[in-house]
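Following: one structure in structure tokens, then a few remarks.
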Amino acid sequence: MFLAFSLLGTPLHGYFFAFHLLHIANHNQMLKRVFQAVTRNGLSLVWVMIYSLAIFYIYALICFAYYREIFDEEKGNYCSDMFQCTITVIRRGLIFGMYDYFDVPRNRSFNYHLAKTAFDISFFIIITTIGLNIVFGIIVDTFSELRDAKWRIDKDMSSVCFICSKNSYDFEHYGGGFKKHIVEEHNQWAYLFFFLHLNETRFNDYTAIELYVWKLYKKDRLDFFPMNRSLTLQAAEDAKDEAKMDTLLSQVAFLVHRRKEEDAFREREWQEAAQRRWEEQQKKASRRAQEQQSSALRRRAVVDGHRPADGSEEAEETAHSASPWRLTAFFEAMFL
């Protein structure tokens with residue numbers, strides 16, 4: 001378009017060069033979004049305009065049929081045919097409203113004034129209020145969508161890595177933060193320069209990695225991008241895994257030590273129970289040996305024809321003489 005204005009301005013007139021002032025919109029993001037707000041939903045605006053023309057035509061038809069006499073051609077209000085009447089209604093109706101230009105003639109009945117009032121109010125509501133607000137609403141909503149899209153893009157650029165798609169809070173505690181990550185590890189401009197390097201390098205001079213990336217790039221595949229991967233986070237994950245392994249090893253060692261203590265405790269209890277059983281057996285054997293010794297002494301006393309007196313020397317000698325037999329009975333009871 002600017003080339004056409006330049007070609008027209010050179011042979012015809014210099015006024016065409018004034019349109020080049022509109023070129024500043026190409027260097028301003030705000031003005032670009034304003035024009036995009038109008039052109040992005042251009043089809044919707046075109047259909048609204050076509051629908052509005054149909055409404056204007058209906059009002060022009062009413063004016064041509066009932067209010068043709070109030071159109072004064074001396075004031076530029078032409079209504080000799082439907083085309084002139086439609087153009088006049090569009091021109092006067094969009095600027096201020098038809099009620100500002102067309103006065104009701106004198107000596108008219110109240111019904112005429114009532115019909116003219118309904119005509120003016122309906123035109124004001126449908127065309128001036130609703131119609132223009134629909135157009136403005138489409139433009140404003142589109143501008144809001146573009147603004148929200150720009151805000152989301154800025155937010156993604158400041159909080160999400162363009163290369164690995166990791167959020168900024170993932171790097172806050174590792175490797176110097178998110179800023180260092182996008183500058184040193186995953187610099188988007190470094191990737192762009194790498195692509196420029198691939199375009200400027202001959203195919204036969206590619207290294208193995210460059211050839212691999214070039215083949216994927218030609219197939220529109222981005223598998224070479226480290227999606228959801230980062231050396232900083234990987235190192236942190238490895239350190240975390242090592243810490244987990246150390247924790248697990250310490251827990252396993254504690255469980256093994258606890259199991260050994262429990263086994264040793266049960267072993268001691270079993271040995272103590274065995275010791276108690278052995279002691280009970282020894283006590284029983286000792287009592288049985290004493291009973292056997294007493295019965296043997298009584299039998300010997302009966303055989304000898306006298307009973308040993310309590311506390312006499314003869315009984316004491318008899319007890320001393322029976323001591324070897326008592327030991328023999330004790331050992332026999334113990335090994336039974």
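In case you wondered, yes, glycine gets a Cβ from its N, Cα and C as well.
What TrEMBL says about a protein is an automatic prediction, not a curated fact.
Among the residue ranges 6-25, 86-105, the one that TrEMBL annotates as transmembrane segment is 6-25. Counting residues 6+ beyond its ends, the transmembrane segment (45-67) has Cβ neighbours under 8 Å at 38, 79, 81-82, 85-86, 88-90, 93, 98, 102, 115-116, 119, 123, 126-127, 131, 134-135, 138-139 in the same chain.
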